[in-house]
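Shown next, in structure tokens, is the structure this report addresses.
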Amino acid sequence: MSSSRFAPVGRFFGRLWWLLDASRRTLLNLLFLALLGLLIYGLVSRGPARLEEKTALVLNLGGTVVEQYSGNARDNLLNQAKGQETNETQLRDVLAGLEAAAKDDKISSLVLALDDFQGAGLSTLRELAGAIARFKASGKPVLAWGSSYDQRSYFLAAQANEVWLHPMGMLMIEGFGRPRTYYREALDKLGLSANVLRVGSFKNFGEVYSANGPSKETTESDRYLYDALWKTYTDEVERARKLPEGSIMKGINSLPEQLAAVGGDAAKLALNAKLVDALKTRDEMRTLLSERGAKDEVNKTFRQINLGAYLSHVKPKFTGDAVGVVIAQGGISDGVAPSGAIGGRSTAELIRKARDDDKIKAIVLRVDSPGGSAFGSELVRRELELTRAAGKPVVVSMGNVAASGGYWISMAADEVIASPATITGSIGVFAMLPSADKALDKLGVHTGGYTTTWLAGVYDPRRALDPRFASLVQSSIEHIYADFTGKAAQARKTTPEKINEVAQGRVWTGVQAKERGLVDTLGSYGDALKSAATRGKLADGYRVVYIERERGRVERLLDMLGGAAADVVVGQIEHKLGGVGVPAALTREVQKDFAWLGELGEGRKAFGAVAHCFCAAP
């Protein structure tokens, strides 16, 4: 009786809720359609700005130059909320823009504006320098101007016909090296143990947690690597600037005396050393370029267009046969990874997508990775192996770093092409099993309980590492190392014993790797595209298609929610360390080192063998 009395009321509120919900959905849909309409109208009505004669292309490289934009919707939204931007420029965009501009009659010159350039690896710098050289070969002048130059921006500036520096600026070439922070003593004081197990005497990734300084092997390897890369850098800068061989090292060694001789005027010192051609303020630069080219009367400067705007005038090809490019940049994980990282599953899916596309006649895997999960690396390598078995050629192009897992994924190719400045090798495996039993003991926290076997809960970081489990892990990574060297031997058509001689976790430059039979050819990214096109029997004018993963709205939402916790942790690290006077740069390094350690506990496996190189492009 009572329920029937309230039934009309229930129906009323039910209909009211339905009406409100329908109104909400209709309003949201109308708002979405309105925004979409405005976007389409803006694109159609405005179009690219008109390109006039005697226009200078301004190459203002913002942030770092990367193979692929990194991050995902979560990261981008968090950065926007903080008022930050992700400053990255894709290498492919710069190469495409300079190639088109060299042939464009309306582009009269190239201006390198490098104040916002935050760097790139030496291999990437060489790719950019090559593109600038090809632009110069078209007969068009190249000018570089900067308020200051560091050694990365100067490597590019040196390629110009003229290099100008602000009269109050400075030019600093420091040399290569990578001092590391070592945590062993701090971890001991806290009662934490890293428990690093490895195969390969040069496999030093976990060394920062298990030692207080670099080992003899690390020092030997670093010296051999960085001296070779430094020679590449100085030789190419001296050649570009027509300086005597050894002049850069001579200048560094006598820098205090030379700077004192010019009264501390760093700009004058750079001019005297013939590192720059003239000292010009920004307004002087604008005036001179207006006189040499054409004046923009509206903006009171020289007629110019930036790279982003110019690319809107470059029409890509949408039909015809193609070389497919899969970017393998960043650390390697087992599953699905966002743009700018390698997921064993997600990257394998991209390779499979390229293999199944009949328009794609060959694949280039562009690698810039220090490695990561051995399992994830094998997923990618196997997919490339299947691609070759299906009759589709595969060429690997190594960028700044293709080491450890980055080398693993490079082993199933018809040709491996490395830059002379690539860091590669690091054929080795390690595992890390952190434990905090001593730290908990200090706090009076203890762990205990019954288990049916000694294996149950054996990898519990609250307990000391069981020696029996350590032996199991060591046996496992030794097996993976044997598999690694065996696959490398098969790929390089040699024996595991020969591979072992150049493996042991040691890193090599591209030149050193070529001498040891670890790569086939020294060359550029462009050389890899040409090789793939030849192997795929493509005619001139072929397309280059980048195979990239599309993300759904639900996935982006989940990413955003997952990022909130990470953001809180990072904020706490900054707050705690910054509050006791730790410099920001060191704070960021500690975050990076221990964020990686934290990832070891995120997987569902008891432990994971890792093929990762503690190396970075200088």
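In case you wondered, yes, glycine gets a Cβ from its N, Cα and C as well.
Among the features that TrEMBL reports, transmembrane segment is placed at 26-44.
Residues annotated as domain 'Peptidase S49' in TrEMBL: 135-290 (among others).
As annotated by TrEMBL, active site, proton donor/acceptor applies to LYS203. The DSSP secondary structure for LYS203 (active site, proton donor/acceptor) is coil.
The helix, strand and coil residue counts that DSSP assigns across the domain 'Peptidase S49' (388-535) are 62 helix, 27 strand, 59 coil. Look at TrEMBL and you will find 388-535 (among others) tagged as domain 'Peptidase S49'.
Other Cβ atoms within 10 Å of the Cβ of SER404 (active site, nucleophile) number 33 in total over all chains. The active site, nucleophile annotation in TrEMBL covers SER404.
A sphere of 10 angstroms centred on the C-beta of LYS203 (active site, proton donor/acceptor) encloses 29 other C-beta atoms.
Taking only the Cα positions, the spacing between LYS203 (active site, proton donor/acceptor) and SER404 (active site, nucleophile) is 9 angstrom.
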